[in-house]
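Novice: A single structure is presented below for examination.
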Amino acid sequence: GILSIEQLISRVGVIGVTLMALLSGFGAVNCPYTYMSYFLRNVTDADILALERRLLQTMDMIVSKKKRIAVAHRTMFQRGEVHNKPTGFWGMIKSVTTSVSGSENLTLIQQEVDALEELSRQLFLETADLHATKERIEYSKTFQGKYFNFLGYFFSIYCVWKIFMATINIVFDRVGKTDPVTRGIEITVNYLGIQFDVKFWSQHISFILVGIIIVTSIRGLLITLTKFFYAISSSKSSNVIVLLLAQIMGMYFVSSVLLIRMSMPLEYRTIITEVLGEL
């Protein structure tokens, strides 16, 4: 029926799996870009100093032009051109003939100040980006940075392989019968020719892997949602945001259970399928 568990979970799972796909796609691109030294551009101290010097020169120009505007306003105030505006027909003609040039200069200077302030913002952001890149270069030279660099290459190849296999499974309508851990252990045992209890160890390793996947994926979801909610939250929208977060977490958990079946041995996968229905 419409209100059965299978129907409800299938509808919730559509949204949750879409959310997981978006987050995993973002992570698959962002993680190697963040940790792999291949994507780091070469930044030297001379580049940073040159950009900081440009930023300081721009700030000095802004200060000097704002000082000119303040001096002009003070002069106009002392002459009585600001508060004591002339009235009458001849006063209007006098104000037009005497103050137009000054006001035009002030308008032009203010436009230059606005342009320089926008330039200073861009220079500041670029300077901060150079500093962050320099820190990433220094971090990539450490042992932990080299470790993450290796992981970036490994997971990039793994991601390409998963995309390739998923495409083949969709085109040929295939469903995997063996979980990746059991399959990997079987290949390793057959290749090395050693005695190994594949069934026993595959169960334990599969559950450990599933636990790691659940913890890291939910942690990544919470970090991403926290950044998003910080950007849009306010005192009036806090209750709505908490409710939305609870809904997303529920859909995400259900979708994790649905997708994680493929990482489990067949007998445990069958048990979850019986509980959730033939999804």
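Note: Cβ is positioned from N, Cα and C throughout, glycine not excepted.
TrEMBL lists these features:
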- 4-69: domain 'Golgi pH regulator conserved' (DOMAIN)
- 139-278: domain 'Abscisic acid G-protein coupled receptor-like' (DOMAIN)
- 12-31: transmembrane segment (TRANSMEM)
- 150-172: transmembrane segment (TRANSMEM)
- 205-228: transmembrane segment (TRANSMEM)
- 240-260: transmembrane segment (TRANSMEM)
Novice: Reported in the order helix, strand, coil, what are the DSSP residue counts of the domain 'Golgi pH regulator conserved' (4-69)?
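Specialist: Each residue of the domain 'Golgi pH regulator conserved' (4-69) counted once, the result is 59 helix, 0 strand, 7 coil.
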Novice: Grab the same-chain neighbours of the transmembrane segment (240-260) for me: Cβ-Cβ under 8 Å, and only residues 6 or more beyond its ends, written as numbers and ranges.
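Specialist: 9, 12-13, 15-17, 19-20, 210, 213-214, 217-218, 221, 225, 229, 232-233, 272, 276, 279.
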Novice: In this predicted model, what is the average pLDDT of the domain 'Golgi pH regulator conserved' (4-69)?
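Specialist: Average per-residue pLDDT within the domain 'Golgi pH regulator conserved' (4-69): 83.
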Novice: Taking DSSP states H, G and I as helix and E and B as strand, how many residues of the domain 'Abscisic acid G-protein coupled receptor-like' (139-278) are helix, strand and coil?
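Specialist: The counts are 116 helix, 0 strand, 24 coil.
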